[in-house]
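Q: Feature list, courtesy of TrEMBL:
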- B:12-34: transmembrane segment (TRANSMEM)
- B:46-71: transmembrane segment (TRANSMEM)
- B:83-102: transmembrane segment (TRANSMEM)
- B:122-141: transmembrane segment (TRANSMEM)
- B:153-173: transmembrane segment (TRANSMEM)
- B:188-208: transmembrane segment (TRANSMEM)
- B:220-248: transmembrane segment (TRANSMEM)
- B:276-301: transmembrane segment (TRANSMEM)
- B:308-326: transmembrane segment (TRANSMEM)
- B:346-366: transmembrane segment (TRANSMEM)
């Protein structure tokens with residue numbers, strides 16, 4: 001794995017969780033409940049996708 | 001508790017700007033492996049395949065347009081939400097989101113590989129992809145108005161650049177290579193023309209863009225011009241391409257337009273101009289990927305009833321990066337494009353919007369047939385801004 005892969009697979013998801021969590025809270029505060037659920041789904045999908053990518057790179 | 005915000009605001013776009021954006025979005029595929037694949041399928045008559053696809057997509061667009069005359073000022077998702085509720089719209093918008101994100105990821109990988117193979121062979125692929133992503137996110141962040149205006153400015157460069165790229169290698173052009181005229185036969189050409197309609201997402205995109213157009217009377221103009229212009233660009237590129245390289249080796253050329261730029265020889269001082277044209281196709285790629293990313297974020301935000309879409313651009317950019325690098329190598333990307341996207345992509349990009357538009361128009365027709373509307377009802381609906389007259393009232397108020 002090259003440095004950019006490490007950056008993407010380890011640091012980016014952490015930043016993404018922080019970023020999306022604040023966005024989800026903002027949506028919830030403004031009574032966009034479905035939007036908050038969508039944000040949570042996107043957080044799971046993005047982090048899951050990154051994890052899959054990480055594992056694929058690691059195993060190849 | 002804070003006050004709830006309004007729906008997503010995309011702004012209003014001009015007719016020429018949107019036409020330019022849609023044409024570039026569709027025609028950018030000429031810089032990728034598309035001409036090579038189509039030339040292999042259609043042989044010497046490959047130039048007719050995009051024209052066949054264009055005609056089919058144009059017919060589909062007119063069907064959608066005809067259905068949408070019943071719903072003035074609403075896009076396909078708003079109509080479906082009103083008729084069936086958000087439970088139906090959510091999965092449909094998610095299907096479109098997945099389609100656009102997958103398509104953009106494939107395009108991103110193909111362009112990254114093009115740059116690595118042709119111009120920057122020593123640079124890590126991930127670094128090129130990251131630099132692509134930074135620009136794409138910035139571009140998508142500017143919104144629909146920014147996207148369309150940039151596309152309009154770039155369209156002049158695109159047309160002039162592509163024209164030069166097709167004219168300069170004409171010293172190698174041999175018209176006898178375009179024979180036999182019928183290639184694999186008319187039936188095969190029609191079949192491949194039908195399959196390749198997946199290249200044209202104009203019908204799908206225009207069905208979302210309808211409320212954002214400044215002058216909605218020009219809706220047909222935008223659709224027809226963008227579809228025909230893209231089909232014509234594909235066709236002319238294929239004519240020059242087949243006449244320059246012959247059909248036999250075309251299936252094995254991964255970046256046909258790059259090869260075309262390489263053979264340019266006008267004299268001792270004007271030759272090998274590919275380094276100039278790289279800027280042209282990288283700019284076109286940024287427009288395509290930027291709009292793809294914007295569409296994905298917008299549709300996802302609409303699906304989950306979010307008031308804004310810009311915060312979603314960063315997670316989608318990460319998803320784009322991850323998806324584009326999941327295929328292990330470039331041949332796998334080409335195989336995905338040829339065996340999955342091309343044969344089945346049209347179901348989402350052409351057939352599904354047509355089906356949804358027909359369904360919505362039929363349901364609306366049935367509703368109004370059961371309950372005939374008196375003149376007084378219509379007048380009060382317009383005044384109150386309810387039912388199918390709410391958007392018309394908004395226009396009257398403006």
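The backbone N, Cα and C atoms fix where each Cβ goes, and this holds for glycine too.
Because TrEMBL annotations are produced automatically, they should be read as predictions rather than curated entries.
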Q: Is it true that the transmembrane segment (B:276-301) and the transmembrane segment (B:12-34) have 3 or more CB pairs under 8 Å, sequence gap of 6 or more?
A: yes
Q: Compare B:83-102, B:188-208, B:220-248, B:346-366 by their Cβ pairs under 8 Å to the transmembrane segment (B:308-326) and return the stretch that comes out on top.
A: B:83-102
Q: Residues of the same chain, at least six outside the transmembrane segment (B:46-71), with any C-beta under 8 angstroms of its C-beta?
A: 38-40, 78-79, 178, 183, 189-190, 192-194, 196-197, 199-200, 202-203, 206-207, 210, 219-220, 223-224, 227-228, 230-232, 234-236, 238-239, 242, 247, 350-351, 353-354, 357-358, 360-361, 364-365, 388
Q: How about long-range neighbours of the transmembrane segment (B:220-248): same chain, 6 or more residues beyond its ends, C-beta under 8 Å?
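A: Same-chain contacts beyond the ends: 15, 18-19, 22-23, 26-27, 29-30, 34-35, 38-40, 43-44, 46-51, 53-55, 57-58, 61-62, 65, 162, 166, 169-170, 172-175, 177-178, 199-200, 202-203, 206, 213, 256-257, 259-260, 263.
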Q: Who are the long-range neighbours of the transmembrane segment (B:153-173) in its own chain, taking Cβ under 8 Å and residues 6 or more past its ends?
A: 20, 23-24, 27, 30, 233, 236-237, 240, 243-244, 257, 260-261, 263-266, 270, 273, 277, 280, 283-284, 287
Q: Sort out the residues at least 6 away from either end of the transmembrane segment (B:188-208), same chain, that have Cβ-Cβ distances under 8 Å to it, and list them.
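A: Counting only partners 6 or more residues beyond its ends, the transmembrane segment (B:188-208) has Cβ contacts under 8 Å with 22, 25-26, 29, 34, 38, 41-42, 45, 48-54, 56-57, 60-61, 64, 68, 75-77, 96, 100, 103, 182, 219, 222-223, 226-227, 230-231, 234, 295, 298-299, 341-346, 348-350, 352-354, 356-357.
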Q: What residues elsewhere in the chain lie close to the transmembrane segment (B:83-102), defined as a C-beta under 8 angstroms and at least 6 residues from its ends?
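A: For the transmembrane segment (B:83-102), the far contacts come to 77, 201, 204, 292, 295-296, 299-300, 302-305, 316, 319-320, 323, 341, 345, 348-349, 352, 356, 360, 363-364.
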